[in-house]
Amino acid sequence: MYAFLFFLNFVLIYTIFAVYAERKISAFIQDRYGPMETGPYGLLQTVADLLKLLQKEDIIPLAADKRIFKVAPLIIFTSVFAGFAVLPLTSDFGGSQIETGIFYLLAIVSLDVIGILMAGWGSNSKYALLGAMRSVAQIISYEIPLGLSVVCVIMVSQSLNLQEIVYQQGIFINSIDPNAQNFLFGIKALGIETTHIGGFLTWNIFRIPFFFFAYLIFFIASLAEANRAPFDIPIAESELVAGFHVEYSGFRWAMIMLSEYGMMLLISFLGAILFWGGWNTPLPNIGAVALADWTSGEPGTIAGHLWGAFWLVSKALLTVGLQIWIRWTYPRLRLDQLMNLSWKYLTPGAIILVLVSALWRLLMI
Amino acid sequence: MPIENIIFYAFLGLTGLSALFILLSKNILYSAFALIATFIGMAGIFVLLGAEFVAITQILVYVGGILILMVFGIMLTNRLSQAKVETEVYNKFFGILISVGLFYILAKAIEMADFANMGWMKNAPSSPSSVRDLGMKIMTDYVLVFEVIGILLLLALIGAVRIAGNTREEGADAA
C-alpha cells in the first residue's frame, strides 16, 4: 500500500522534472537555451504547462467513438502503472514480492497496446489510426527481444522474483540463501570469491560479462516499447502530427504523456534491477576499506532504506537521462529498418545470448 | 466481509458482466474489448485461487497476444472497408435450447463430481503454487508433452509464414 502511494507520487513528480530535463537537454544539444522565463532557470515551466493542461477544455471529436475515446488514456496509464506493483525499491520496501514478479510485469505492461489501439481507432482520424497501427506493430515486435534478454537474467538468477534477483547481486546475498557464493565473472574455477566484496563486482552486468550485450538489446527494445526516438515512428511529428494521441487535449492528453514518461521510468527501473544491481551499492569492499558496507545499510534499517532508494533511483534516473540523450541525438528509423532491426538482428542475437547464459550458469555452480 | 472476498466478488462481477455484454452487444469491436475484460477478470479469480502462474500466463497469452491480434483484425477490416461489422442474431430457438442444455449438463456434472473429495485434490500440496516446482515438472516428468507442443507451435509458425509470404510481391528495392 505504501509502495503504491510512493510510486504514484514519485511518477507524478518525476514526470514534471523529466519533461523539464527533456527540454533543457534537447536545448543544450541543439545549442539553444530552452525554457528560461518561468521560475529560476525555467524550472517551473512544466508546472505552468500542467496547470494549463488541467484547465483546458476536454475536446472529443464529433465523429469519434466516444466511449472508447474517453477510456483509452486511462487504460494506457493503468497498465503502465500496474507494472510498478512488483518493483523492489529498497532491501525491505517496495511492491508485492510475488514469485512471478518479472513475468507479471512483462504481461501487464503489454496491455497498454490495448489502450493505444483504442485511442487510435476511437479518434476516427487517419493520423491517429496509422499511428496506433505502427505503434502496436512495433511494440509487439520488440516485446520478443525484450523478453528474451530478460530470460537471460532469469536463467542465471534462477528466479522470477525481482527482489531475489537484486539480493543476488550484492553483499546481502546470504540473507536470502546462506550458502550462496559469488565469484569474479561468475566463474567458480577462477577461485576469486566476491561474496563479501560486493559492489559493482557482483552486479549481473559484471558477474556475467556478456550481459553487456543482453543489456544493449534490452535497452534498445525498451526504447521501442516506450515509443521513444529513434523508434518514434508511431508519433512521428513530420508525418502523423502526433500519432495515436493527435485528437486528445487537456487532461486526457496529459495522462498519455504521463504514461509515456512512466513507461520510460519503469523500463529504466527494470534495467537497473536486472542488470545494474538494483538497490545495491556500486562501491566494493577493499580489504579494511569497507566501502560497500559504509554505503549500504543492513536490510530493514533506516540506513538500508535510504541508501537502497538512493542507489536505485539514481541508476533509474541516469538511464532516463540516457534515453533523453539518445532521443535528441539519433534520427528516427524507417518502418522497414525498424522491423529488420528487431527480427533480423535483435531477436537472433537474444536467442544466442539465452544459449550462452545457460552455458555460463554451468560455470557458476 | 474480508477484503479478499470483496475483491473476489468484484472480479466475479467483472467476468460475468463483461461476458453478458459480449452476448448482448451488437458492435463486434465492443464485444472484443469486453472479452478482454472477461479474461482479466478470470485472471483475477485465478490469482485468488492461488494459481498465480496460470493467471499471468492467461494475461500474457490471451489478452496480450491473441486478443490484441483479434482487435487489430477487426479494426483493419472495419475502418478500411467502411462497412460496419455487426453481429446479428440467427437461430434464436436452437441457440437458446443448446446453451441451456449445455449449461444444465455442465452444472449437473460439476455438482455430481464432488471435486473437493477426490483423491488427487486431497493429496495436492496445500502450499501456494511454486514456479520452481512447475518448471522442474515440465522439464522432467512432462518433457515429452512440452517438446511436442513446441514442435506444434513451430509448425503453426512456419505455416503462417508460408501462407502470408506466398501472396506477397515485393519490389526489388524493398529491403
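Backbone N, Cα and C atoms are what each Cβ position is placed from, and that goes for glycine too.
Just so you know, TrEMBL annotations are computer predictions that nobody has curated.
According to TrEMBL, the features are:
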TRANSMEM  A:6-22  transmembrane segment
TRANSMEM  A:71-90  transmembrane segment
TRANSMEM  A:102-121  transmembrane segment
TRANSMEM  A:142-160  transmembrane segment
TRANSMEM  A:205-224  transmembrane segment
TRANSMEM  A:261-279  transmembrane segment
TRANSMEM  A:306-325  transmembrane segment
TRANSMEM  A:345-363  transmembrane segment
Selection from A:71-90, A:102-121, A:205-224, A:261-279, A:345-363, the stretch that has most Cβ pairs under 8 A to the transmembrane segment (A:142-160): A:345-363
Result, the transmembrane segment (A:306-325) in contact with the transmembrane segment (A:6-22) (3+ CB pairs under 8 Å): yes
Stretch in A:71-90, A:205-224, A:261-279, A:345-363 most in contact with the transmembrane segment (A:102-121), if contact is a CB pair under 8 A: A:71-90
Interface-richest range of A:71-90, A:306-325, A:345-363 toward the transmembrane segment (A:205-224), CB pairs under 8 Å: A:345-363
